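Student: Okay, handing you the structure first.
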Amino acid sequence: MSLKSLEKETELPFDEYVLNDKWRHKYTPIDTYFKFHQQAIENLESFWESVAKELEWFKPWDKVLDASNPPFYKWFVGGRLNLSYLAVDRHVKTWRKNKLAIEWEGEPLDESGYPIDRRKLTYYDLFREVNRVACMLKCNFGVKKGDRVTLYLPMVPELPITMLAAWRIGAITNVVFSGFSADALAERINDSQSRIVITADGFWRRGKVVRLKEVVDSALEKAPGVENVIVLPRLGLKDVPMTEGRDFWWNRLMQGIPPNTYIEPEPVESEHPSFILYTSGTTGKPKGIVHDTGGWAVHVYATMKWVFDIRDDDIYWCTADIGWVTGHSYVVLGPLLMGTTEIIYEGAPDYPQPDRWWSIIERYGVTILYTSPTAIRMFMRYGEAWPGKHDLSTLRIIHSVGEPINPEAWRWAYRVLGNEKVAFGSTWWMTETGGIVISHAPGLYLVPMKPGTNGPPLPGFEVDVVDENGNPVPPGVKGYLVIKKPWPGMLHGIWGDPERYVKTYWSRFPGMFYVGDYAIKDKDGYIWVLGRADEVIKVAGHRLGTYELESAFVAHPAVAEAAVVGVPDAIKGEVPIAFVVLKQGVTPTEELRKELREHIRKSIGPIAEPAQIFFVTKLPKTRSGKIMRRLLKAVATGAPLGDVTTLEDETSVEEAKKAYEELKAEMAGP
């Protein structure tokens, strides 16, 4: 069946151009930008080579791009480098030696509202710690080039330190998000064939202790290949189970390693894997996405410069958990490659009060904020008073990541957080791309902003929107997002499964990388990513994207957040239902429910009218802020909930169940 546009797309502001005086000196005409972009595409290898030369290589490459065996592309073939050296050593040789690299804040606050746990690390501190941990891995446990090291750690400085230490000796990191279950952890350990795991006794989350070591112990019952476990005493718990001969305390190991220890960085090949990161598919077991070293470094370095316009006095904060790819690229590697100062925070965004993030921005003078649309929508619900209590005037750039941002959330953040003076962009990329692909780029050429768009593709990335047959669609028509040429940060494959790599990404449209997202390209060349193509509700043959419906809900002045899922229907095949969180002070009524139905009919069309609307006070989300729509669908269909270990707040599911049962009973009548 051919892909059809909706009768009426969600109202997207294709022609709403936002300018502000603070950035006027940076503005570039759209056609000027695309001329530069086209030149980069036509001279792809020389373009990326010029970027790569800005980094230090132990040995230069012999060939920029080896395309002899597509889709197994190789970048900077013959070149040798080391990520730890690039992120730490080279700064220690300069004035940045005593510059702050990381300011870390734990979740607990004292009675005055000041953080109890704070740490500051200069680039020299980081250099010393990375070398000591590299020695711990290499000298104590024999970790060598190519070995996989699994890290199951919270958001503490030891996580980026250990990643850099592993890369220093040529090991491959396998970071597992600390919210994953024992089964999920075991699966990732086994697939990567890790023989060492690094974890912590626990950490703070919403004022509660989350124990980690016990999860590791349960996982290792199903992962017999692990020989050693290193345990960081984050909380100093006294009752942590330790297996003699296998488990070791981090601090005791480090006591035997002198502060001036130096481990020579391993000069690894450009195509040497730096990390494996597992990402869930719609079917089957998680995919172990593999990224190389040289191409990934060049991609992340370039996009940090272009997208974030890094300056020497910036205080940068990416709120992502390091267990996700955003944390790998834009918490660990990117800011340290640039020699900037960054914030790392352990806890929940709205604990103990909804202004926790705003207090952090004010306390440290954050200038660049990189966060998620889900977080922005959550803060919208709390209202403008909370950010209004704090001085956010240091912010000059805000970017979002992780999912499409609806225009209403964009406008709110731009006005309330940025005081209409920031450069604001919605970046698009994914685990497989390794770094940002589509975004406004205030560090390069800043074209006019549009609320809700991802902006134009960055230089060196040939992005298009195509139909079912792989042909480009006209401006304003929905299609599939693809990348037409290889790029440096692209995945190196799927760990141990090259056939799955080809089938998943390269078979749908031969010669093009299939992203799996719907998108629209407007007449100016800006890309509007609409969400996953598999997050589609098919109503009587019409395809409705969940993003389109949710954006329409949030555009209503009473709505803070919304999640839409499809449920089976005997006549239409499938119909949408919505779980809606109202703004504070708004009362849920039947009249409002009718008003929202009519609002959706007007915004999208009668075909999109939800069969049911449930009012809830919270949506089920992961700790990284992503809405767990599958749980809502399970509630509505009576299906098993499945794995809920990444769920931030279990009461959100119970509330959804209650709302569903109450409305169902009400509709059934006496």
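Yeah, the Cβs are placed from backbone N, Cα and C, and that goes for glycine too.
Per Swiss-Prot, CoA binding site is recorded for R205, R206, G207, K208, T326, R601, and the stated evidence type is sequence analysis. Per Swiss-Prot, ATP binding site is recorded for G402, E403, P404, S426, T427, W428, W429, M430, T431, D517, R532, R543, and the stated evidence type is sequence analysis. Sequence annotations record features per position, and here Swiss-Prot assigns Mg(2+) binding site to V554, H556, V559. The N6-acetyllysine feature in Swiss-Prot is assigned to K626; the stated evidence is sequence analysis.
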Student: Given the binding-site residues R206, T326, R601, which lie within 10 A of P404 (ATP binding site) by CA-CA distance?
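Tutor: None, since no candidate lies within 10 Å.
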Student: Minimum Cβ neighbour count within 10 Å among the binding-site residues G207, G402, P404: which residue?
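Tutor: Taking G207, G402, P404 as the binding-site residues, the minimal 10 Å Cβ count falls on G207.
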Student: Hey, which of the binding-site residues K208, H556 is the loneliest by Cβ count within 10 Å?
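Tutor: Counting other Cβ atoms within 10 Å of each of the binding-site residues K208, H556, the minimum falls on K208.
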Student: For H556 (Mg(2+) binding site) and G207 (CoA binding site), determine the Cα separation and express it in whole Å.
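Tutor: Taking the Cα atoms only, H556 (Mg(2+) binding site) lies 34 Å from G207 (CoA binding site).
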Student: Could you name the residues, excluding V554, H556, V559, of the same chain that surround the Mg(2+) site, i.e. Cβ within 8 Å of the Cβ centre of those residues, in sequence order?
Tutor: E408, A552, F553, A555, P557, A558, A560, A562, V580, L596, H599
Student: If you measure from the Cα of T326 (CoA binding site), which of the binding-site residues G402, R532, V554, V559 is the nearest?
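Tutor: Minimum Cα distance from T326 (CoA binding site) across G402, R532, V554, V559 lands on G402.
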Student: Starting from each candidate's C-beta and looking 10 angstroms out, tell me which of the binding-site residues R205, R206 has the most other C-beta atoms.
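Tutor: Top count of Cβ atoms within 10 Å goes to R205.
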Student: For K626 (N6-acetyllysine), which residues of its chain lie six or more apart in sequence with Cβ-Cβ distance below 8 Å?
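Tutor: Same-chain residues close to K626 (N6-acetyllysine) (Cβ under 8 Å, separated by 6 or more) are S372, T374, G402, E403.
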Student: Please report the distance from the Cα of V554 (Mg(2+) binding site) to the Cα of R206 (CoA binding site), rounded to the nearest angstrom.
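Tutor: Computed Cα spacing between V554 (Mg(2+) binding site) and R206 (CoA binding site) is 27 Å.
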Student: I want to check the contact list for R532 (ATP binding site): same chain, sequence separation of six or more, C-beta distance under 8 angstroms. What comes out?
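Tutor: The answer is G516, D517, Y518.
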Student: Which one is closest to T431 (ATP binding site) in space, judged by CA to CA distance, out of the binding-site residues R206, G207, K208, V559, R601?
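Tutor: The smallest Cα gap between T431 (ATP binding site) and any of the binding-site residues is with R206.
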Student: In whole Å, how far does the CA atom of W429 (ATP binding site) lie from that of G207 (CoA binding site)?
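Tutor: The Cα atom of W429 (ATP binding site) is 33 Å away from the Cα atom of G207 (CoA binding site).
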Student: Provide the number of Cβ atoms within 10 Å of the Cβ of W429 (ATP binding site), excluding the reference atom itself.
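Tutor: Other Cβ atoms within 10 Å of W429 (ATP binding site): 25.
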Student: Rank the binding-site residues T326, T427, T431 by how many other Cβ atoms lie within 10 Å of each Cβ and give me the one with the fewest.
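Tutor: Taking T326, T427, T431 as the binding-site residues, the minimal 10 Å Cβ count falls on T431.
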